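Per Swiss-Prot, the features are:
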CARBOHYD  35  N-linked glycosylation site
DISULFID  70-99  disulfide bond
CARBOHYD  91  N-linked glycosylation site
BINDING   157, 198, 203  (1,3-beta-D-glucosyl)n 2 binding site
CARBOHYD  161  N-linked glycosylation site
DISULFID  212-345  disulfide bond
DISULFID  230-261  disulfide bond
CARBOHYD  249  N-linked glycosylation site
ACT_SITE  258  active site, nucleophile
CARBOHYD  279  N-linked glycosylation site
DISULFID  367-419  disulfide bond
DISULFID  376-439  disulfide bond
DISULFID  395-400  disulfide bond
CARBOHYD  406  N-linked glycosylation site
CARBOHYD  484  N-linked glycosylation site
CARBOHYD  502  N-linked glycosylation site
CARBOHYD  509  N-linked glycosylation site
């Protein structure tokens, strides 16, 4: 009889909570539910294989666009005791409501990367452009309205070793601008973070680089794709103790944004016991097991064929591990002394050469203004494949500092470094024409009647200076990256970055929201109870 009463109680609580999921926010170095209970991720990577797509020429499959598929997978997530998924690429133009609702009803939160395979900050030739900013904000717009949207990832393993640390400045600029966009758009303060590889030389300086500086610039959380624990390892020999000690001074939440070594099969996921133990939870807030779908890399825990799902050997191990761990309950109201902290940016060294001066916020209005006032421009029939030869020739003859983007310390960013390739080529061709009086380039360019710069456009050009190496301070509304924006009509509702510097430390509570505790006893009970049922952190006290 007691079991029957408990079953009814569970069903009632789950039914009551099904209609609403408590948004999760960041306060200092931890995630919290709205009621102040600490949140831990028991997650899994969720990105379908392109080979499984029915659409010819598909670059990636949006895992949040197929409501039937999401509903199909929810019971398996529940069997795994998963409370979060990570998706790596979404199509912002598609409808995500069915999937997000299915996951919300199941108490599952979503962590989404902002990039996609062919729209991302490059490791080898990093830039932060109008087009990339537009892509990232479109993803924000498509997912931010949902209460179970846990956070956005501005880059995944962009910095791979000490040879391309310059790329970090561009990722951090993306973090800054997406955070500003979320705020100016009136969304709740959804965290924006970065996910890195576990590279020995850059591991420490990279983490502190993304954590340091002004609240507006640094990440809200930091993830490491970590595969150090293989087979039946332990807290010490796996390297987990070292990693935990290394990051004990981080001021933002730390997660394993991927984990699950496959060197020993089957994977028993014994690292989960350590990750959610008191040895690690002071620093770490859970993680994302890699991965749900089986693929050629053999990390999956299920195979999918149409509506049919078959669990693989690793599935029950992951399920039992997640179900068995319940971290010690902790609350925002009792942790206030540990939440406020600052992180000053460190000096560069041979392992870390990223500039603390960040690229400016991309502005389409500035680019259109500049381009409309050029007299010597590239012909429309010239293929973009031929642009590189023209850039090479012109930039060997005159300075191209106005379009330069260099994230190596101390950082150098031309006024038009974020414009598209055609606009940048128009700029340097016109500069060459002004210096040498030639605008032919073997028939590739032509003279046109340039527009006169007036009003706001004139102020942009003046701020850039004759060499176009000055930062252009501007304000822009939340549609500053829209393809329909214009320099003459741009409104002024938020301040954009203009080659900002991260030289000073600051509080890391930019993404926090004040918690007033539980709004009622019943809501607090439901959220706390569900956190145990679906993989959260608290223990239900009655």
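For all residues, glycine too, the Cβ spot is worked out from N, Cα and C.
It should be emphasised that the depicted structure is a prediction, and the values quoted were computed from it without experimental measurement.
Feature annotations (Swiss-Prot) mapped to structure.
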residue	record	Cβ contacts under 8 Å, 6 or more apart
99	disulfide bond	63, 64, 65, 66, 67, 69, 70
157	(1,3-beta-D-glucosyl)n 2 binding site	123, 195, 196, 197, 225
230	disulfide bond	238, 261, 263, 264
249	N-linked glycosylation site	343
258	active site, nucleophile	45, 86, 195, 223, 225, 226, 227, 287, 288, 289, 290
395	disulfide bond	428
406	N-linked glycosylation site	166, 355, 412, 413
419	disulfide bond	129, 130, 366, 367, 370, 371, 403, 427
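Fewest Cβ neighbours within 10 Å among the glycosylation sites 35, 91, 161, 279: this applies to 161. Within 8 A of the CB centroid of the (1,3-beta-D-glucosyl)n 2 site residues 157, 198, 203, the other residues of that chain are 196, 197, 199, 202, 206, 224, 225, 226. Geometry remark: residue 376 (disulfide bond) versus residue 400 (disulfide bond), CA distance 15 Å. If you compare Cα positions, residue 400 (disulfide bond) sits closest to 439 out of the recorded positions 35, 91, 203, 345, 439. Binding of (1,3-beta-D-glucosyl)n 2 is attributed in the record to 157, 198, 203, and the widest Cα separation among these residues amounts to 11 Å. Here residue 279 (N-linked glycosylation site) is compared against the recorded positions 35, 91, 161, 439, and the shortest C-alpha distance is to 35. Neighbour counts of Cβ atoms within 10 Å were compared for the disulfide-bonded residues 70, 261, and the top value is held by 70. Of the recorded residues, residue 439 (disulfide bond) and residue 203 ((1,3-beta-D-glucosyl)n 2 binding site) place their C-alpha atoms 49 Å from one another. In this structure the C-alpha atoms belonging to residue 91 (N-linked glycosylation site) and residue 35 (N-linked glycosylation site) are separated by 32 Å. DSSP assigns residue 203 ((1,3-beta-D-glucosyl)n 2 binding site) to a helix in the three-state reduction.
Candidates 35, 212, 345 (recorded positions) were compared with residue 203 ((1,3-beta-D-glucosyl)n 2 binding site); none lies inside 10 Å Cα-Cα. Sequence-distant neighbours of residue 198 ((1,3-beta-D-glucosyl)n 2 binding site) (same chain, 6+ apart, CB under 8 A from its CB) are 224, 225, 226, 227, 228. Across the structure, residue 212 (disulfide bond) and residue 161 (N-linked glycosylation site) are spaced 20 Å apart at their Cα atoms. Counting in whole angstrom, residue 161 (N-linked glycosylation site) lies 40 from residue 35 (N-linked glycosylation site) by their C-alpha atoms. Residue 279 (N-linked glycosylation site) falls outside any helix or strand according to DSSP and counts as coil. All protein chains considered, the CB of residue 367 (disulfide bond) has 24 other CB atoms within 10 Å.
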